[in-house]
Structures are given as structure tokens and as C-alpha cells.
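> Features from TrEMBL:
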| type | residues | note |
| --- | --- | --- |
| ACT_SITE | SER192 | active site |
| ACT_SITE | ASP352 | active site |
| ACT_SITE | HIS382 | active site |
| DOMAIN | 110-270 | domain 'Alpha/beta hydrolase fold-3' |
| DOMAIN | 320-385 | domain 'Alpha/beta hydrolase fold-3' |
Amino acid sequence: MRLGRIILFVAFCSFTAYYVYEPIPERIEERWKLMLTNSFFRTLSHLADLCESAGLKDYMDVMYVITLLEKIVPVSDEHVKVTEEKFDGVEVVLYQPKLQGGDAHLRRAVIYLHGGGWCLGSSRMSPYDLLARKIVTELDAVVLSVEYRLAPAHHFPVPYEDVHRVVKYFLQKGVLAQYSVDPGRVAVSGDSAGGNLAAAVSQQLQKESGQQIKLRAQALLYPVLQALDLKTPSYQQNKDMPILPRTLMVRFWSEYFTSNKALFRAMMANSHNSPESSRLLKFVNWSAFLPEAYHKEYNYSAPAVAQGTEGEAAGMDGPSQSFADPRASPLLVPDADLHSLPKAYILTCEYDVLRDDGIMYATRLRAAGVEVTHQHYDTGFHGALMFTVWPTDFLIARRMTDNYVKWLKDNL
């Protein structure tokens, strides 16, 4: 009987080790912590797949547990005043330095857009709350964290439109004055899908002739910037990497546009481009915009082009999808629309499917004359900057946060 329990225990430990272990590159710090962290994400993803296959619950509804586990109620503390408000109908969490005596000088401001593939995430998650407080205290700045609506309940362009409305509302002289913000020192920033929204709103605001107050800077943290070519070298190299494997990123893209699974299947095969969207592939030709060092053993091959509209190409009867819209894929804007953009900070990670999106955007912005700071982490992985809360706190997250905040301090 005792021997049987020992055998069961050894078998359980062996199975657990087998399940947790992943062939993660040796260069990545705290590899076992990342394996353990990712085993939770993988388990939840398997459960989400099972629930969706059984017709019990949609995949993203199950994955939303990640958001719920991290969600908090932001409250004021001795240094930071926190309020929850609505700007033009969109929920925001506003972080402000607590006034000291008669202190009423104008401050910097950062509009922050959370990540989560447009389907998950919230400005009320603890990592975003901690980041906002750090920016407020170290920069003496106002932070506006936007609670935009999420897909699949609200497909593109709803999340973008929510962000656009908040930024337009905030960049009014009267509103900035209300919060003691210097009109010449406002930045927009975001991570992952939030970086996508930050880049898109930066581009659109520059083109709007009636917009008097412009953004000073944009800070994009491992941003997702294009949906036309989902087989860049980084998508191939990192297709099974922790936190954001290629399958999950493609699912985020497809859910952003439609709940029809035909688009997901077409995007997985990289055969979702229509003749119309294929004309924009020149803007995401990684053989032209990606430095040679990142080509590695991969050879460029243009994505297949299906006939008909984008919707028909994906096997759908509904309206054409919008993955070629620059508000969804900021990397697709022509060069003429880049030169007037605000200075940029772009963070990329070696072990991230989105690495090449950020690098190509940095290349194109520099070629257009935009001041760009590109910080690449050779040992970084997607989402690393948000892993600052025990037990999933990583050393690289601290370094990323410090470098990011320092750039804001020096450039805003």
C-alpha cells in the first residue's frame, strides 16, 4: 500500500514536470518561473478550447479569468489621488499627484492604454495600477488609464473609437487646465494591443486639421501593428513561446474583427488577404524593413492572396473585414503620413511573435525623419513588463519599467 502511494506520487510529480517543462531558450532569465507561469496560461487556454468545443462558453469568456484574477479597485493613497470618471462616455481611471500646499504648477500627462489582445485586460488590473502610480510619483505626472470596450462583444473599430474619443476629449484646453496638465507635454502609451491603439490614435490625430493640441510623444511597448503578414520571422521563430504563442495572437486578431471562425482559420494559414489588402503588403515586407540580423534562416515569401473581398476570402458572407484599415494596422500607413508623427519609444522583445512589427515600425519612422528610441531586449518575452506582482514578478519586468519611465522623464 505504501509502495503504491509512492508510485502514484512519483508518477504525479513526473507528469507535472512533463507538463510544466517547455523548451524555453537558455538566454531567458528565470526560465522555470516563466514555465510555471505559462503552465497556468496553457491550462486555461486548453480549458477555454474545451468549453468552446462543447458549446458551454466562448473561448475569450474563459480566458477573461486572467483579467478577473488581477482586477482591483483603484484607491487613493498618501501620494496619489485616484478617481474613476467618464470622458465622452468612456470609462477612465485618473491618477493625479496629491497637491502639496499651494502647489498648482502644470504637469506632464500620460494617456495609457492597456494590453490584452483587444479582448482581455483592464485599466483596473493590479500591474497597470502599479505602473500608473510609479509614473505619477516619479514624473509628477497625471496618468489617464482608459477602460475601452473589448471584443468580441465590441468588434473593431469600437475599441479604437473609444480611445480616440477619450484622447480628443482630454486634449481640450479646458480639460487639460482642469487637471493642471501642460498642453505641450502629453504622451500616449500602451502595451501590446494598447500599443496598437496608441500608434493608431497618434497617426489619426496628426491628420486631423482641427486638432489644435498635439501629442508630444508616443511610447509603444511590444506593440502589435499589422495583420497582413502573420508569418514574419518573429511569428515563425516564436510560434510556441510562452504567454503569446502564434495561435493566440491570431485568435486575438480574428476576434477583434469577427466571431466567425472562418477568419481565424484563414489567418492561421496566412491566406486571408484579398486583392485589395494585398496592395498594402509592401508596407510590411520584412525583407525590406527588418535588419538583416533578424532575418535568420527565414526567407521572405509574400502571403497568399485569395480572390474576392476580404470577407469572401475568409469564407464569410458578412461585410468585408478591416485588417487593412490603418486604424487596426498602423504599420500600413504610407510614408507621407509618418513624418509629422511625435517622437517615439518602441520596446521590442526577442522572444515575441510581435518583435518584427515593432522593429519594422521603428525602421519606417526613422526613415521618415521621426525621432525614435528603439529598446530591444535580447532576453525579453511578450508581456514581460506587466509581470511585476508576486508570485509572477520577473527581474526583467523591473528593468523594462525603469527604462520606460526614464525615457518618459527625459522626453516628455
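Placed from the backbone N, Cα and C atoms, the Cβ positions cover glycine too.
Have a look at these and tell me how they're positioned relative to everything else.
Within 10 Å of the Cβ of SER192 (active site) there are 30 other Cβ atoms, across all protein chains.
The Cβ of ASP352 (active site) has TYR222, SER234, ASN238, MET241, LEU244, GLY380, PHE381, HIS382 as same-chain neighbours under 8 Å, each 6 or more residues away in sequence.
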> Report the mean pLDDT of the predicted model across the domain 'Alpha/beta hydrolase fold-3' (110-270), rounded to a whole number.
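Mean model confidence (pLDDT) across the domain 'Alpha/beta hydrolase fold-3' (110-270) is 96.
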> Let's check the environment of HIS382 (active site): how many other CB atoms sit within 10 Å of its CB?
27
